[in-house]
Amino acid sequence: PFNLTGSTPATFILTGIPGMEQLHVWISIPFCSMYLAALLGNGVLLFTIWTERSLHQPMYLFLSMLAVADLTLSTTAVPKTLALFWFRAREISFGACLTQMFFLHFTCSAESVILLAMALDRFVAICFPLRYGAVLTPSAVAKAGLVALLGSFCIISPCIFLLRRLPFCGHNVIPHTYCEHIGIARLACADISVNVWYGLVVPFTVIVLDLLLIVVSYGFILLALSRLPSRSARHKALHTCGSHVCVLFLFYIPAAFTALTQRFGRNIPPAVHILLANLYVLFPPLLNPIVYGVRTQQIRDKVVKVFVCPKSRLPRR
C-alpha cells in the first residue's frame, strides 16, 4: 500500500531502449555523430546569418529561429540519452524530468509556428512582392517569434500541472531514453484520461491548424505562379519555396508518425517507438541546415565567404 497524497517520486529511472540494452554503446555512436553534426550545421547557419548583414531579411531571420528551435530540441534530449548509454546515468529527478518534457513539447510547438511564419513569408514574397517590405517589417518578424514562444508556452504549460496532480504510488521506471508527457502519465496509479486527451487533442489540433494554414498559403502561391507568363520566373519562385517544403516534410511526417504509433500502434515493439522518438529529435536538426545550405545559393555563398575565404573580407591596401 502507498500513501496517495505524497507519492510523487523523487527520481525517475530511464531504462533506455527495451530489449537493446546490450547495444546501447553501439547505438550511441550514430546518435552522437548526428548530434554533433546538428550542432555544427545549425551553429554555422546562425553565425553566418548573424555576421552577414545582407542576410538580415525576414526569410533568414525565420530560418535562424528555426535553427535555435532545432538546437533546443536536440540538446534537451540527446545529452541525457548519451549519458544513459555511456555511463548508465539512468536517474533523473522529478523536476528535471518535467523540465525536459516541457522543453521537448514546447520546442515542437514553437517550431510548427515558425514553419507557418516561413510559409506566410513566401506567400507575401510571391503573391504581394511590392508590399513585402511593408508587411514583413522587423517588428512583424519579432512579433511572429513572440507568438511562437507565448502560444507554445500556453499550450504546453498545463501538461506540467496535469502531471503534478497525479499520484505515482512508487512507480518511477520510464521505459524510454527521455521524459515525455504520456510516458510519465502512464506511471500514475490514477485516471489519466485528462492527460491523454489534452496531450493528444490540444497540441495535435494546434499543429494541424498550422499545417492547414501552410497548405492554404501554398495553394495561393501555386495559384499566383500559374498566372506568371514566364516559365523561368515560375521556376525561380518555386525554387525559393523548395527548401521550406523539404523542411516541412522533415518535421511533420516524423512527428505525425511518432505521435500516432505511440498512441495507436500497440502491435509495434516498444524499441521501435523509442528509436523513432529519438530519430525525431535528431533528424530535423541535422537535415534542416543541410537542406537550406544546399538549396539556397545566398547561404552557400555567405558560408564560403565567412569560413572558406575570410581574407576576402579584409580591406585591400
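Numbering starts at 1 and runs along the chain as displayed.
Each residue, glycine too, has its Cβ placed from N, Cα and C.
The transmembrane segment feature in TrEMBL is assigned to 25-47, 59-78, 98-120, 141-163, 196-225, 237-260, 272-292. The domain 'G-protein coupled receptors family 1 profile' feature in TrEMBL is assigned to 41-292.
Count of Cβ pairs under 8 Å against the transmembrane segment (141-163): among 25-47, 59-78, 98-120, 196-225, 237-260, the largest is for 98-120. The transmembrane segment (98-120) shares the most Cβ pairs under 8 Å with 59-78, out of the stretches 25-47, 59-78, 272-292. Within the same chain, the transmembrane segment (272-292) packs against the transmembrane segment (59-78): three or more Cβ pairs sit under 8 Å, each pair at least 6 residues apart.
Predicted-model confidence for the domain 'G-protein coupled receptors family 1 profile' (41-292) is 91, expressed as mean pLDDT.
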